[in-house]
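Have a look at the structure below, then the notes.
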Amino acid sequence: MAAMALTASLAGALAGTASAAQQAQPSPSQKDTPAARAVAAADQAVDSGLDSLVNSSQEQYERRLVTPWVKDLYSVSYERSYRGLPVVGGDAVVLADGTGKVRALQSASSVRIDVSTQASVSAKDAESTSRAKLVSVDKVESSRLVVRLKDDKPVLAWETVLSGRTKTAPSKLHVFVDARTGAFVDSYDEVVAGTGNSKWNGPGPVTIDTTNSGSTYTLRDPVRTGLSCADYSTGTVFSKSSDSWGTGNPTSKETGCVDLMFAAQKQWDMLSQWLGRNGVSGNGRSFPAKVGLSDLNAYWDGSSVTIGRNSAGEWIAGIDVVAHEYGHAIDSNTPGGTSGQESGLGEATGDIFGALTEAFANEPAPYDTPDYTVGEVINLQGRGPIRNMYNPPAVNNDPACYSSAIPGTEVHAAAGPLNHWFYLLAEGTSPGGGKPNSSTCNGTSLTGVGVQNAGKIFYGGMLLKTSSMSYKKYRTATLSSAKSLDATCDLFNKTKAAWDGISVPAQTADPTCTPSGQNNDFSMSLSPSSGTVQQGASVTTTVGTTVTTGNAQSVTLTASGLPAGVSASFNPATVQSGQSSVLTLTATANAAPGASTIVVKGQGASLSHTVDYALNVGGTQPGNDPPDIDVANVQAHLTQFNTIASQNGGHRRAGSAGYTQSLAYVKGKLQAAGYTVTEQNCTSCTYPSNNLIADWPGGPADQTVMFGAHLDGVSAGPGINDNGSGSATLLENALVLAQKNPTMTKHVRFAWWTDEEQGLNGSEFYVNQLSSAQRSAIKGYYNFDMVGSTNGGYFINNVNSTTAAPLKAYWTSLNLAPEENTEGQGRSDDYSFQQAGIPTSGYAAGASARKTSAQATKWGGTANAAYDPCYHSSCDTTNNINATVLNRSADGVAYAVWKQAVGGETPAQDFSVAVSPSAGSAAPGGSTSATVNTATVSGAAQTVALSVSGAPAGVTATLSPTSVQSGSSSALSVQVGASTAPGTYTLTVTGSGTVSHTSTYSLTVTGGGSCTPRQLVTNGGFESGSSPWSATAGQTLETLSNLNANSGYAEKSYDLSQFAGQTVTLKFTGTEDQSLQTSFVVDDVTVQVS
């Protein structure tokens, strides 16, 4: 059993209460962290289509990787999709800081895609074309339909991944074949080959980290997860009974592994201490290695490193070789990967990491000294180094200067200019100290920044890397990196001079830099970034600006790309960066319906930025009559689901690529229509994947009506009736609701569930995450599963309930005489809500049960045959849909939406205002902050002027901005003067628009000579883990064990008044003295002051 002692020891305030309970509590939210602020800023930039990013109704960005860097900077990378298909070559990356400012961004391409997604060539035919690109193919790893975007030209293509061999080396080749014509498009190889130093490291004996288990030691790093070294022939990690490794013989594989582990561990440490990177992968992992390849080579294959030999049979696991190969791994695990890189960039990246690791290890002669040559001591074929970074022509006459010939140059030779740039940046042209001189291509003399700073600048450029990276894009990326690292512009200017020194010309995307305090720049955002306007009406969005560097400046706003019949106005048209403006888009009665992209430009003193607004012009006015849903549109969605399934193994099972692309298709449609869309990751699902939740703005949130359908299918087939029919029906209803934009009397939420086929897991996960208040807010849930069965019936869940009334009323109006859905009871997602006490109903047309004679007489169809003869089968395609049943189901959903949640009159504009958190404290001389949130309650969004009153003498409260569009927020900052009297004060925040609303903030000013009786929560959150607390003296309050198990908290108090003016620590000690484990929860340490 476990025991736990609570000890109050000399080491808090005046009187403390500690509570402990043996029950789990959730951890506090981590939303307001530097990383979260950076990610939120990056997400907003992507959502707004900032500068070269694309905001289109057909295209989406999905966040993939967040990499912390130095100086509170974060690299946030995104992959792009088009109508549910991955866009290879369309990725982007945003560099943002912990204060929530966008510092730089780079996009692989800013071209908007408009291609057919229907393949004319089969995946099998594309595979045959792809196989011809390798000498031998061991395995077809995967095949998928993508949009290949290269040189700003989009092509629908099959991407086939093959493992095998070229004429000289192993290969993992990605081949792209035009899916319309069958022509080869391009390819790239994950396997990157190189060579290097096999000299032993020293002076000996060197120390390496190994793993010990009992009496066995293995060459597996216990700290650097994933790093190990194995015999290439057997694949077995080296192990032995002692922790003494290697023979000193360079032909010994074990010695080669010692050299590899030493070099890889030094590189890991360099990444952490110099560059701020968490391991080779960036998330605390490395990769395994093998020694013993018979080739005169070494390579990275996408998941491991393999070391070969030199002509003397010595294993080439020296520092610069090992660091070079793991440099390829870093290249693969930074934004953009290595796909489509210009020739030479990958090899030079490996060489740069080799030079950095040599410099970090700083070994003396005769070992591998820091020298900026590659493989200088291995003498691979008796000719010395294989590359020279300060003088590339010294080896094989490699080029030192960039030219238009570089993209077509052999990859190792093409590394010359980038290697030369790195040396010029690190050391300059005449470094002295025994280091070699290096000449520039333009005859200038340069001073270096040092190898560590050069490494930071280059690595920062890698964090802005995209696919199809080029020398010219690296120039822009490293200039942005240098600018972010150094406000004085010294690093920026030297980085620029080094690029000029190898003849890489200036680019239009290059940033500019002036000394600290003068380098003024800003960013822009839109909230929301898309919307629908009816003919004869208007829609608004808030254009936000943020100071990213330097001081605020005047920004003039303009809009372009307006469709015929739509005009734009800004209020105000010019703002100071840091302020916002309201953009109003007004459509005439004759404005052409359809989608378009409005480009909003902000022109500063010398720089400009753009954001994109996705506008949809609707062709009809909102009204109270339920609309007729066009079944052809529903069938079009089903066709898209069918296409997605055929391109991804024939199904859309939860967790599969088919499901992911289906979700992306639905999500893209909803975002373009103006919905607030959320993906919820179902961690408890059989196949972990995402639910999709879409909220239509308007209507009271505490009066919510939900409409749901499961999006997943079984692996046996495309799942078009089960349940593409329900999913497509809801999607089209959601789009029509957005187009009509009627007055909402209730809030409407749509949901597409994952993992239903494995046991209603997605919807159950969602319901279980709801608080009691959130459950109470849902006044009804409607489920739609298999609503297009070919031999279908007309079934309603809980047909005689109040919730079912609108569904029943519509089908009854068609003389369909609907029946209870007995077959589907407990078998679809409505059951999850029913179990939580939420009223439910829904439509179904039947599954594998058989239609009775009476039903066939009433509804038509075949008696004694299954409602759906293709239930859970491969034939559940678009041919397995009864359009009449589907149409009646879709129209019935619209009838229910309108009857349950739509009003008849144009709504009065109204909004709400709330402060979060609603209370805070600060000492005299200190400060605190909160967020003022607004929301549109009814009608259209409106401009809300914000003010704050009630601040006592000495307290200054400010809002930024002081005017927002309802639905946006403002920052409340409270500064407490040094002479402010302690006490609790109420600040009132007032929002004024068509009406006025207020919200309050309770400010507690602490300190002072007097004492107000009150209870202070000194540990209001929940913590897990341990802290290094120590007691110099103390008193045990109580000892607890698992015998004291309690469903609530056991509260203990102690009078600490005797320690007035001193510091007191409460210590909680847990001791395991038997195998039975016991958990304790300690929470809410409070102080009662009197």
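The backbone N, Cα and C atoms fix where each Cβ goes, glycine too.
Residues annotated as signal peptide in Swiss-Prot: 1-20.
Summarising the annotation, Swiss-Prot assigns region 'Disordered' to 17-36 (among others).
Among the features that Swiss-Prot reports, region 'Disordered' is placed at 513-535 (among others). Residues 41, 44-45, 47-50, 55, 57, 101-102, 479, 482-483, 487-489, 492-493, 541-553, 555, 565-566, 577-578, 583, 585-591, 593, 600, 602, 604-605, 607, 609-622, 671-674, 738-739, 741, 965, 967-968 of the same chain lie 6+ residues outside the region 'Disordered' (513-535) yet bring a C-beta within less than 8 angstroms of a C-beta in it.
Marked as Zn(2+) 2 binding site by Swiss-Prot: D722, E757, H872. E757 (Zn(2+) 2 binding site): 21 other CB atoms within 10 A of its CB, across all protein chains.
The active site, proton acceptor annotation in Swiss-Prot covers E756. DSSP gives E756 (active site, proton acceptor) a helix state. Around the Cβ of E756 (active site, proton acceptor), the number of neighbouring Cβ atoms within 10 Å comes to 30.
Proximity of C875 (disulfide bond) to non-local residues of its own chain (separation of 6 or more, Cβ distance below 8 Å) is seen for G717, P869, given in sequence order. Under the heading disulfide bond, Swiss-Prot lists C870-C875.
Sequence annotations record features per position, and here Swiss-Prot assigns site 'Transition state stabilizer' to Y871 based on similarity to another entry. Cβ neighbours of Y871 (site 'Transition state stabilizer') (same chain, under 8 Å, six or more residues apart in sequence): N721, D722, M786, A847, S848.
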Length of the line joining the Cα atoms of E756 (active site, proton acceptor) and H872 (Zn(2+) 2 binding site), in Å: 13
Cβ-Cβ distance under 8 Å to H872 (Zn(2+) 2 binding site), same chain, at least six residues away: V714, A716, G717, D722, S848
Pairwise Cα distance for E757 (Zn(2+) 2 binding site)/C870 (disulfide bond) [Å, integer]: 16
Spatial neighbours of C870 (disulfide bond) that are distant in sequence (at least 6 apart) but have CB under 8 A: G717, N721, T790, D876, T877, N880
Cβ neighbour count (within 10 Å, all chains shown) around D722 (Zn(2+) 2 binding site): 29
In three-state DSSP terms, the structure that D722 (Zn(2+) 2 binding site) belongs to: helix
Residues flanking the Zn(2+) 2 site, with Cβ no more than 8 Å from the Cβ centroid of D722, E757, H872 and excluding those residues themselves: G713, V714, A716, G719, N723, Y871, D876
Secondary structure content, the region 'Disordered' (513-535) (per DSSP, counts of residues): 0 helix, 12 strand, 11 coil
